[in-house]
Amino acid sequence: MTEVCHASDANDLRSAIIAACAMLLTFAAVAVPVPLYAEYKIALGLTDADISLTMVSYLTGVLTTLFIGGSLSDALGRRPLVAAALLFGSLACALYIWLPNGAALQIARMVQGVSCGLTMSATSAFMLDCTSQRYRTFGTTIASTGCLIGMMIGSLGIGIYATFSRNYIPMFAVLIVLMMLNAVLLPLAQETVTHRITIRKAIKPLVRIPKNLRPVFPLAAGCYIAAWGTGVFFQSLSTPAAVTYFQSTDPLIPALMFALAMAPSALGGPMSARTTTRFAVYGGTALLCISYAILWVTLTKGMTVPFLIADGVFSVSTGILLSASMHMLISYSDPADSASVVSLINFTGYVGSTVVSIAMSTIANTLALSTVLMVGFAISMVFMIPGFATKALRK
């Protein structure tokens, strides 16, 4: 069995900070290209379906590595896998600097998916290892919503930068430098895996739900898929939607749409920690439904400011659901299984998101984007039914 040593047990939060920075940088890099899709569309001759397909390419890369990333870190250690995530992230940024055609865009997005798959498994597990009970809220918040916070940083950064310059090479170059610096600092972090499993065991993916998680996993999985699936629209179609409904002529509005769909989710962790898990799940679900209805109305009417406000509220609701779900799973699992548990729930969330993304890509060229928004929401919410049904039957 893998054993972990918690860095914070020795009053050492340095490892947690390094892990958090790695997660934020990786996902900041993922967000930077999204507000630029309108420019890529013109420069590379792409369609809305091509742009939506970038999400499928990204999810393909994620699922390729997420399936075994956590258990692989149990064999090789957390730090090597975190370093690999940063290296793949840097490679993707280098591809964006080059980017000659639409195929290269899809490849770059897939490489970023590989980077994020490693981050969501190994880096998330490293984050949880490095935070004790005293810092549990911090650890679960970053592990569950750090990806969204990182995306906000990248999206806002490129949106603000684009108001001053349309030469995006320096932005990608800065990200490469920061990720390489983070990788160089990794030896300063305490390795938390002390007794490792074999490579043979690591490459056998976890294909079953551990018995101790079965009472809560369907609900946690439904929450993850609902939160991520409803956010797929902002990752792939925020730029065309901003152009169509808000007459946006620069990347700032799409960047704000994307950032507000991600950043406020960080508030969801502390909010869910101050109430019961049950209330957090039901309250978060209700808030998600209400905010999404407002998003559809304001998008259809072209009401920019109300849409952005509803966007932020929607993000808070996803943060509540993600944090509550992560807390449920960690509470029911053995600390030594944190990597496998994190990989399993993230893998499930990404599989559901892939289904939503493929559906959106299929209809993006034939239906209005406001309709695509609601179709994605409807499909995402279907995944919550098994969890709520299981919960009701257990009463």
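Note: Cβ is positioned from N, Cα and C throughout, glycine not excepted.
Here's what TrEMBL has on this protein:
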DOMAIN    15-395  domain 'Major facilitator superfamily (MFS) profile'
TRANSMEM  16-38  transmembrane segment
TRANSMEM  50-69  transmembrane segment
TRANSMEM  81-99  transmembrane segment
TRANSMEM  142-162  transmembrane segment
TRANSMEM  168-189  transmembrane segment
TRANSMEM  216-237  transmembrane segment
TRANSMEM  249-267  transmembrane segment
TRANSMEM  279-299  transmembrane segment
TRANSMEM  305-329  transmembrane segment
TRANSMEM  341-361  transmembrane segment
TRANSMEM  367-389  transmembrane segment
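In terms of C-beta pairs under 8 Å, the stretch of 168-189, 249-267, 305-329 lying closest in packing to the transmembrane segment (142-162) is 249-267. Outside the transmembrane segment (216-237), and at least 6 residues removed from its termini, the chain residues within Cβ reach (under 8 Å) are 34, 48, 51-52, 54-55, 58, 148, 151, 209, 257-258, 261-262, 281, 284-285, 288, 292, 311, 314, 317-318, 321-322, 324-326, 328-329, 332, 345-346, 348-353, 355-357, 360-361, 364, 369, 372-373, 376-377, 379-381, 383-388, 390-391.
Two recorded stretches are said to be in contact when at least 3 C-beta pairs lie under 8 angstroms, sequence spacing 6 or more; the transmembrane segment (168-189) and the transmembrane segment (16-38) meet this definition. Using a cut-off of 8 Å between Cβ atoms, the transmembrane segment (305-329) and the transmembrane segment (50-69) share fewer than three residue pairs, counting only pairs 6 or more apart in sequence. When averaged over the domain 'Major facilitator superfamily (MFS) profile' (15-395), pLDDT in the model lands at 90.
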